[in-house]
Amino acid sequence: MTQVSLARFLIEEQRAGHITPDLRLLIEVVARACKSISHAVSKGALGGVLGDAGTGNIQGEAQKKLDVLSNEILLEANEWGGHLAACASEEMDHCQPIPNVYPKGHYLLLFDPLDGSSNIDVNISVGTIFSVLRCPDGISEVRDEHFLQPGRTQVAAGYTVYGPSTMLVLTVGNGTHAFTLDREHGSFILTQRAMRIPEDTKEFAVNMSNRRHWHAPMQRYIDELLAGKTGPRGKDFNMRWVASMVADVHRILTRGGIFIYPRDKKDPDKPGKLRLMYEANPMSFIVEQAGGAATNGYERILDLQPTQLHERVAVFLGSKNEVEIATRYHREAQ
Ligand code: AHG
Ligand code: MN
Ligand code: MN
Ligand code: MN
C-alpha cells in the first residue's frame with residue numbers, strides 16, 4: 001500500500017477545497033518546526049536542553065530551557081513564509097506580528113510550544129499544541145485583541161506528541177487524522193485517518209491530588225466513578241494522569257476516556273488551569289472532529305468568547321456520553 005505523507009495529504013485537502021494554499025504552507029511549516037523540536041527533545045541531556053531556563057512566563061510559571069527553545073523554533077520557522085499576520089504563544093506576554101521585512105499573510109497562529117514541560121526532565125512524553133485563526137480583514141497592525149475569536153472559528157488545529165514515536169494529530173475541520181514521524185525519511189506519514197473517540201468509556205484522567213479543592217458537582221461526578229460496579233454508574237473505572245495534556249488527550253483519541261481539569265477552590269480567582277487559546281480550544285476542535293465533546297462544565301468550549309489572550313478555562317473533554325454526564329451535574333448544581 002502506498003504511504004500517504006503529510007505533504008500529499010495536505011495537497012489532497014487543498015484540491016478538495018478544504019484548505020487554501022497558504023494554510024497548507026502554514027501547516028507544513030508548523031510540522032517542520034515540530035520535527036526540529038522532536039529532535040531537540042530526543043537528545044535529552046546530551047543536547048544540554050534539560051532543566052530550567054531561569055526565566056518565567058506571564059502566567060507565573062518557571063520556564064524550562066525547552067519551553068524557550070521550542071518557542072524560538074516555532075517563531076523562526078513561521079516568520080518568513082508569508083502565510084501569517086502574527087503569532088501568539090503561552091511563552092510570550094503579547095502577540096508577535098510578523099517582522100516588516102517579510103510579506104504578511106491572512107492567518108494567526110497560536111501555540112503551546114512545549115506542553116507538559118514539567119515532564120521533560122523525567123523523560124516522559126511532552127508535546128506541541130497549535131491553533132490557526134483567520135486574521136480579521138483590514139488590520140494594519142495586529143494586536144492581542146484580534147486573536148480573541150471563539151474556538152469554533154479555528155481553521156486548523158493540531159498537536160505533536162513527542163513520545164516513544166513522534167506523532168502529529170491534525171484537523172482542518174474535516175475529521176481528525178494522525179501522522180507518525182518516519183525518522184529515516186524525515187516525513188510525517190498518515191497512520192490513522194478519521195480517528196473516532198468511543199462515546200462510552202471506563203477511563204478518566206484527572207489530577208486526584210486536587211480532590212479536596214473541588215466544587216460539589218465535580219466531587220459528585222468522581223465519587224460516582226470511584227464507586228465502581230456497585231455504585232450508581234454500574235461499572236469499574238480506571239484512572240490515568242500523565243500530566244502532559246497532549247499525552248492524556250492522545251490516549252483518549254486512541255481508546256476513549258474523559259480528561260478533566262476543573263476549576264477549584266484552591267485558586268477561586270482562576271477559572272481553571274489550562275489556557276483557552278493554546279490548549280483548550282485546539283484540543284476541543286480536535287476532539288469534536290473525532291466525535292467527542294468538550295465543555296467547561298457548563299458550555300461548549302468552542303462557543304466561549306475569549307476576553308484575554310492568556311485566559312484560563314476549566315476543561316472536560318473526550319468520550320461524548322461521559323462529558324455529557326459531568327456537564328449535566330454542573331448545570332444541575334447551578
Ligand atoms: P504546560 O507544560 O504547557 O504549562 O502545560 C501543563 C499542563 C498540561 O499539560 C497538564 O495537563 C497539566 O498542566 C498538568 O497539571 P498538574 O501538574 O496540575 O497535574
Ligand atoms: Mn507552561
Ligand atoms: Mn500546556
Ligand atoms: Mn507549555
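Keep in mind that glycine also has a Cβ here, set from the backbone N, Cα and C atoms.
Copied from TrEMBL, the annotated features are:
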- E90, D112, L114: Mg(2+) 1 binding site (BINDING)
- D112, D115, E279: Mg(2+) 2 binding site (BINDING)
- D115, G116, S117, S118, N207, K273: substrate binding site (BINDING)
- 5-192: domain 'Fructose-1-6-bisphosphatase class I N-terminal' (DOMAIN)
- 197-330: domain 'Fructose-1-6-bisphosphatase class 1 C-terminal' (DOMAIN)
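Checking the binding-site residues D112, L114, G116, S118, N207, E279 against ligand 4, the ones with a C-beta less than 6 Å from an atom of that molecule are D112, L114.
Annotation note: S117 (substrate binding site) sits in a helical segment as assigned by DSSP. The number of other Cβ atoms within 10 Å of the Cβ belonging to S118 (substrate binding site), over all protein chains shown, comes to 13. For the domain 'Fructose-1-6-bisphosphatase class I N-terminal' (5-192), the predicted model reports an average pLDDT of 96.
Across the fold, the C-alpha of E279 (Mg(2+) 2 binding site) and the C-alpha of N207 (substrate binding site) stand 17 Å from each other.
Secondary structure at E279 (Mg(2+) 2 binding site), as computed by DSSP, is helix.
The residues of the domain 'Fructose-1-6-bisphosphatase class 1 C-terminal' (197-330), classed with DSSP into helix (H, G, I), strand (E, B) and coil, number 59 helix, 23 strand, 52 coil.
Using the Cβ center of D112, D115, E279 for Mg(2+) 2, the list of other same-chain residues with Cβ within 8 Å runs, in sequence order, E90, F111, G116, G127, T128, I129, Y159, M245, V246, L274, R275, Y278, P282, M283. When secondary structure is read from DSSP and collapsed to three states, E90 (Mg(2+) 1 binding site) falls in the coil class. K273 (substrate binding site) has a Cβ environment of 20 other Cβ atoms inside 10 Å.
Look at the binding-site residues S117, N207 and count other Cβ atoms within 10 Å of each Cβ; N207 has the fewest. If you measure from the Cα atom of G116 (substrate binding site) to that of E90 (Mg(2+) 1 binding site), you get 12 Å. In this structure, none of the binding-site residues L114, S117, S118, N207, K273 sits close to ligand 3 with a C-beta under 6 angstroms from any of its atoms.
Close to ligand 1, meaning a Cβ under 6 Å from one of its atoms, are these of the binding-site residues D112, D115, G116, S117, N207, E279: D112, D115, G116, S117, N207. Sequence-distant neighbours of E90 (Mg(2+) 1 binding site) (same chain, 6+ apart, CB under 8 A from its CB) are N57, Q59, F111, D112, P113, R275, Y278, E279, H310.
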